[in-house]
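Everything below concerns the one structure shown next.
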Amino acid sequence: MVEPVGNQYVVARPVYSEALFDEEHQKVHRYHKTFLDHLRVCFSCSPQKAKKITLGVFPILSWLPAYRFKEWILNDIVSGISTGLVAVLQGLAFALLANVPPGYGLYAAFFPVVMYFFFGSSRHISVGPFPVLSLMVGSAVLKIVPDDTGNSTLTNSSLTDQQRVMVAASVTMLAGIFQLLLGVLRIGFIVIYLSQSLISGFTTAAAIHVVISQLKFIFQLPVPGYNKPLGIIWTLKSIFEQITDTNIADLVTALIILVIVFVVKELNDRYKAKLPVPIPIELIVTVIAAGISYACNFKEKYGVDVVGRLDRGFQAPASPDMSTFQSCVGDSFSMAIVGFAVAFSVAKVYSIKHDYPIDANQELVAFGISNIFGGAFKGFAASTSLSRSGVQESTGGKTQIAGFLSAMIVMIVILAIGHLLEPLQKSVLAALALGNLKGMLMQFKEIGILWKKDRYDCLIWVVTFLAAVLLGLDIGLAAGVGFELLTVIFRAQFPKCTVLANIGRSDIYRNRKDYTDIFEPEGVKIFRCPSPIFFANIEFFKDKLTAAVGFNPLRVLRKRNKALRKIRKMLKKGDLQVTPKGFLCTVSGLNDSDEELDNNSIEELDKPTDTKDLPIQLDWNSDLPANITVPRIDIHSIILDFSAVSFLDVSAMRVLRETLKEFVRIYVDVYIVGAHDGLLDKLERYGFFDDEIKPSIFFLTVHDAVLFILVKKDIADSSTKFKPITEKEKKDHYIINTNGGLRSRDITVPPETKF
């Protein structure tokens, strides 16, 4: 019964153990499905299931029939055109990161978008090249086809470009295969192992790599690629060694473009509420730069490096290079995970904002098919660009029809007007690539925020960033994930175990170190472990429990058994007599050593103490015969709060069982409270219970166990210590006299305390 009394509540109920509560409230023993049951469900077939699978594999069938043509089509057209123009420029720019000719960036901005239109579950993200992913592709390309700065004839350069295109396409296809397999196997949950801190640190490091990789285009220097640990340092060394050979025209052009792009993007962010659409500054500066370069003949006058010939139309699909598959398995898997993680995190933001569901596994399938298809047509890996997706959503895009229309804009450029971009300087594309990094570089501010919020997350950010910068993106990502998992293991292996006390003389128990108004039942220790208990931390748990109670139960048990041997030997020799006041030793000293008493095996010392054959009942805390000492124990009960223990493995159950037996054998009762559903069943299957450890030690709450202990120890039987309230109080409350029952940290306790 629960009765509200103002802002308080009064509860009247029995003291419940787990067994009593289940019996009284008729707990239902549910049938838990086995692995075979799940297999039957998985392979069963019905019209409803077939329809669900079809709509899951082809999400377009769920939203296209419900498309509001009159309301949405104009928004999607405007959004598609705006996004398509940005996609063209980013495709050309990000191709430089992938170390392939710029024209192949257009393929990466077209084919994946078309495939995602049919298979993707997000309605707002813009699929295509992403700088971090493009840089990872470029690293894999340089590993297979390194720069050859010694012999750079036109023929050799063309052959190198073709080899790099095939490597990029093969790596992309392999990444797509990994994504498709993960999606089919329903392993979309793998993204949860990439925390926000890890992704932030990794993408920031990738932004640093992007900046360094584009310097050679801004300065127009023949810098070789260093795809190895500390490669970024070697790249900077090579740049500074050749800094005097900088092409001033390229440098000035890039700096002007960077300033203009940063200023206009800042204006777009500041006045985005007033602007109907963001100012397409990338398109504007590209058109102007290409026109000026063509009109002034920059290539001939100043020797600038331009985009060059762009093939009109699409190239025939090509099969992947199997030797590349073997050499770039790790790179492809890293690209598959990073590309999916970035895309899914962006898609999730928009799905929450616009209230529609997305499926992680279907997103893996969609990106897998997109990358396989794009790689077959000589594109490189695709994910989603934050800036491009922002354009698609902010310009009014409602569905992936906007994405499909953006692909049509890219197709028009590929088929008809791509040649107009041939005079464009590569330094302009490099500046545009750097102009899209502002958001990623601003993530440095997260270090201070994370340090204040959670230092473990801050360390994950810093370690991932440094590893990715110094060791490379692939090794850095692996190192970041490894360190992240290590922090989880560390926190689980060394949990902050605490001793609880009663707070405010109520049914609330908290860490005794955090409060001054605390009360602890005499002879009772309440121990809390806020973590799963398993093979890696069970010994730590046992050590902390031993430290909390102040003695080692096994050591006490062995001391007591040794003392019993001495007592029996002395009684047998007549050196010890029993009197009404206790034992009387008739000799001044004993010559028996511990070695003489340890002739039997150590297992006998670990058995329960047996005092039935003694003529007197032993009190281990009272005076014992001379030369016989055992540790004094002032605790009669221990309560283990398992409310935060989500699971125990076999190793933990074994050690826990042994520990509980050690306490029980020295007459210290142990109770477990707050155990989750199913733990009792698991312990029974393990064979945890016997004559010494019984299911009755489990209670619902700490307060239930405390009240049970008080009644059991006769603290609550006396009317002076435990009596009903009769004046101005409800009859379902009790008063517990804290003298001898509960003690205060300040020692001075009131004569009666409400409990």
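Heads up, the Cβ atoms here are built off N, Cα and C, so glycines get one too.
Here TrEMBL flags 514-709 as domain 'STAS'. Per TrEMBL, the feature transmembrane segment maps to 77-98, 104-120, 127-145, 165-185, 197-219, 239-263, 275-295, 332-352, 364-381, 401-421, 458-483.
Contact between the transmembrane segment (104-120) and the transmembrane segment (401-421) is supported: at least 3 Cβ pairs lie under 8 Å, counting only residues 6 or more apart in sequence. Using a Cβ-Cβ cut-off under 8 Å and counting only residues 6 or more beyond its ends in the same chain, the transmembrane segment (197-219) has close neighbours at 96-97, 131-132, 135-136, 138, 232, 235-236, 239, 242-243, 246-247, 250-251, 254, 305, 338, 341-342, 345, 426-427, 429-431, 433-434, 437, 440-441, 443-444, 446, 450, 457-458, 460-469, 473, 476-477, 480-481, 484.
Note on the domain 'STAS' (514-709): its mean pLDDT in the predicted model is 84.
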